[in-house]
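**Q** There's a structure below that I have some questions on.
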Amino acid sequence: MAHPPRLNDDKPVIWTVSVTRLFELFRDISLEFDHLANITPIQLGFEKAVTYIRKKLANERCDAIIAAGSNGAYLKSRLSVPVILIKPSGYDVLQALAKAGKLTSSIGVVTYQETIPALVAFQKTFNLRLDQRSYITEEDARGQINELKANGTEAVVGAGLITDLAEEAGMTGIFIYSAATVRQAFSDALDMTRMSLRHNTHDATRNALRTRYVLGDMLGQSPQMEQVRQTILLYARSSAAVLIEGETGTGKELAAQAIHREYFARHDARQGKKSHPFVAVNCGAIAESLLEAELFGYEEGAFTGSRRGGRAGLFEIAHGGTLFLDEIGEMPLPLQTRLLRVLEEKEVTRVGGHQPVPVDVRVISATHCNLEEDMQQGRFRRDLFYRLSILRLQLPPLRERVADILPLAESFLKVSLAALSAPFSAALRQGLQASETVLLHYDWPGNIRELRNMMERLALFLSVEPTPDLTPQFMQLLLPELARESAKTPAPRLLTPQQALEKFNGDKTAAANYLGISRTTFWRRLKS
């Protein structure tokens, strides 16, 4: 479908689609973003929304749609416009449960497609009777609500459809989405539209692709982290390609952005300040056919559905700056060959094109894979490895930075409590210190990301039920992962995709998360 052309000074066009109380939240939050985008609310759902939007798209442009739950999934499977799905965060779920817990101890939680296994710990800690259900269709949701009503449930936590059905049935409905989560969806939609429209104006895109992290964000005072920071400063003296190696959650993109910032800070000090984009792509999260067009761009008519006038690829967008290739070990072999040629020739030819475009780009790549093993197995080109790894940076796992674990836990807990307007007391600091053995004993397979997420969860518990006695036993009750016996080697590396799939009873999303890879990569490995 041909959409109306975009003018260079146009703001992104975003439509919000909802049929329940989410409509009002959309309306309120959209006021905070109306200076950044043209936002139109659509109060329809499912097939009525699809029919209306398709008709509207015949004469109007839309860059992104924001929706939620089963309605959002329905739209995403039937529309060509990108649909940003709002997903409740851990904060949203626990805050809704805390609100429901003040009303009754008999609570139902009804979520789209899947239940939430992590709520088992919450149920035990606060002595609540949680009845978790999932649904696919509206009829399915109505059936789940009726069963909860028959079982004596008094309050139901869920999306707008669920809370409306619960209140129709005479129960209390607790809305699961927070304003913060909706704001994040608007931010994601803006980021996505900026990326998809970058071919129209490189300068505007460069301004939108600034780095978020600096060297000071590499937290930790251990000798290992001091060595990492010193290495980053050293690599900032060179424009050579860098390969960052480390487990999932060790901060590979953070390190890449720090190298970018430090290098161009030195560069601009000598030659004058300029715009230097930092462009990132996850090579394992995009299908091979799409990744080729994303990296190298395409000409008009290169394939069905290609944009009029073609589109610049990430190499062109990153000209004068840095291209960060995350999970480079997941890149398919045919694209590895083409990437090698671009790196050697310093020019790129768009898909369907014939004219090479010179590019001046520093490439920083990252992987959690064992590339040496992949090269031996023929999954990764050795010549490309040598081209990408002129400089190498190894990020240590958290279990090897034991001196950093307690200070990081305290820092993350402070930030998380502050976000909830809750104080960090001396008693909490003492409780963390008393729980140091528990924290140090855990293997931290998710590294920094896992520690931060745990402290966010702990903060939410503490904001609901403040306790002056944060004991190791209480920590293990709230964070059951800490009670498990740590293995010397991270568990994900011990399982094949098939074994992980069996471990999680066929749940592909859970298996991919456990292995620390995307669903696309999981499928690719499962088939190989």
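Just so you know, glycine gets a Cβ as well, placed from its N, Cα and C.
Just so it is clear, the model here is predicted, and its values are computed rather than measured.
Grabbed the feature section from Swiss-Prot, which reads as follows:
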- 508-527: DNA-binding region (DNA_BIND)
- ALA318, HIS319, GLY320, GLY321, THR322, LEU323, PHE324, LEU325, ASP326, GLU327: ATP binding site (BINDING)
- 218-461: domain 'Sigma-54 factor interaction' (DOMAIN)
**Q** Given the binding-site residues GLY320, THR322, PHE324, ASP326, which one's Cβ is surrounded by the fewest other Cβ atoms within 10 Å?
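**A** It is GLY320 that, of the binding-site residues GLY320, THR322, PHE324, ASP326, has the fewest other Cβ atoms within 10 Å.
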**Q** Average the pLDDT scores across the domain 'Sigma-54 factor interaction' (218-461) and report the rounded value.
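**A** Computed over the domain 'Sigma-54 factor interaction' (218-461), the mean pLDDT is 87 on the 0 to 100 scale.
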**Q** Only counting partners 6 or more residues apart, tell me which same-chain residues put their Cβ under 8 Å from the Cβ of ALA318 (ATP binding site).
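**A** When sequence neighbours closer than 6 are ignored, ALA318 (ATP binding site) has PRO277, PHE278, VAL279, VAL359, VAL361 within Cβ distance under 8 Å.
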**Q** With DSSP assignments reduced to helix, strand and coil, which class does ASP326 (ATP binding site) get?
**A** strand
